[in-house]
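Colleague: Below is one structure. I have some questions about it.
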Amino acid sequence: MDYKYRLYETVNNNSASRVEKGNQEQLPLLPKPREGDGDRPVLGNFKSSHLLSLYMFLYLLYLCSGAALFSFMEAPEERAVKVRVDTAIQKFLVANPSVPDQDLEDLIKEIVKANNRGVSAIGNATGTPNWSFGQSLFFASTVVTTIGYGHVTPLSRSGKVFCILYAMVGIPLTLVLLSALVERLLVPTIWLLQWLNSRLGHLYQPFNIRIFHLIIMVMTLIGLFILLPAGAFALIEPDWDYLDSLYYCFISLTTIGLGDYIPGDAANQPYRPVYKIATTCYLFLGITFMMLTLAVFYDIPQLNLGLLFTTTDEGSSEKVRLAGSGHGLQYGAGGSFSPDNDDGEHRQVVRVRSRRTDSPSPEDPGPKGMP
């Protein structure tokens, strides 16, 4: 098939050298494709589109199956709770026949509405208010980290407007902070990978060493930021067992933030503001290490499913080239894990790039230049 060459403009002075021809100055042409390469971009896009369609179908199937299982497991418990509430209401009306049904219904509505806004109606709850400094700091951290428990929300109109503006500025600032922390934590992580390679490189393939390195990172995340904190929460919180605490830690560090379990909200909780501040520090540290583990995971191309859906057309290549004009942090020593080309560059919060079929170890030389 005919292959037409196009002139392209350089992004900066170092992007391409200029070629002089006569009195005219021209920019270099795109590299001449090798024989048989003409159909590869089209076939690659065709394949990636079909893989993406299949993935979307499986993802929809996953959502539907999850909905069916949640409905099957939780519907009986919901009916049981409703029966207990109806029974309690009937007992109250029998013991207090002078109270009209509508008045009791109105009282329950007000109590539920206040509870949904984080205001407790329990008479013996003598803890500090929701908007003390410690509690407010905990709320602010759940906003900027997008955890958003929802147990406490702004009550005033001015508070709602301020929350919108605060989140618009705070969320990008938090992403920048977490990205910077992950970038620096990648340095000792790379040292660990290099040490494993120096000890195990003569016995195992580079991919196996990186899998072992990933397992170490995952086990550290689970042990230090889920299992141990869950034990601490189970000891401090009077109404939580270990499973409840484990559930809270996972839901929080993944920023799901359902809000059904909130530390420090028990009645008469001692040192509530200090407890809230300590929990805020735990959330920031845990989310940072979670992002670090994900950066290590996504840098292994054999495990990165996103590379299967990467298009290879010229438009995507040019877009990646423009976006990648700067040099970002690469997971590996001396850029040894950089790709052979920029077409499939994969970017996370910390930019991590890999496209090689068999990723080299940190001590291997860098990729060879294109012919």
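Every residue, even glycine, has its Cβ placed from backbone N, Cα and C.
Reproduced below are the annotations present in TrEMBL:
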type	residues	note
REGION	18-40	region 'Disordered'
TRANSMEM	52-73	transmembrane segment
DOMAIN	128-185	domain 'Potassium channel'
TRANSMEM	133-152	transmembrane segment
TRANSMEM	164-191	transmembrane segment
TRANSMEM	211-236	transmembrane segment
DOMAIN	224-299	domain 'Potassium channel'
TRANSMEM	245-262	transmembrane segment
TRANSMEM	274-298	transmembrane segment
REGION	331-371	region 'Disordered'
COMPBIAS	362-371	compositional bias 'Pro residues'
Colleague: For the domain 'Potassium channel' (128-185), DSSP counts of helix, strand and coil?
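Modeller: Within the domain 'Potassium channel' (128-185) the tally stands at 41 helix, 0 strand, 17 coil.
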Colleague: What is the pLDDT of the domain 'Potassium channel' (224-299) when averaged and given as a whole number?
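Modeller: Its mean pLDDT is 93.
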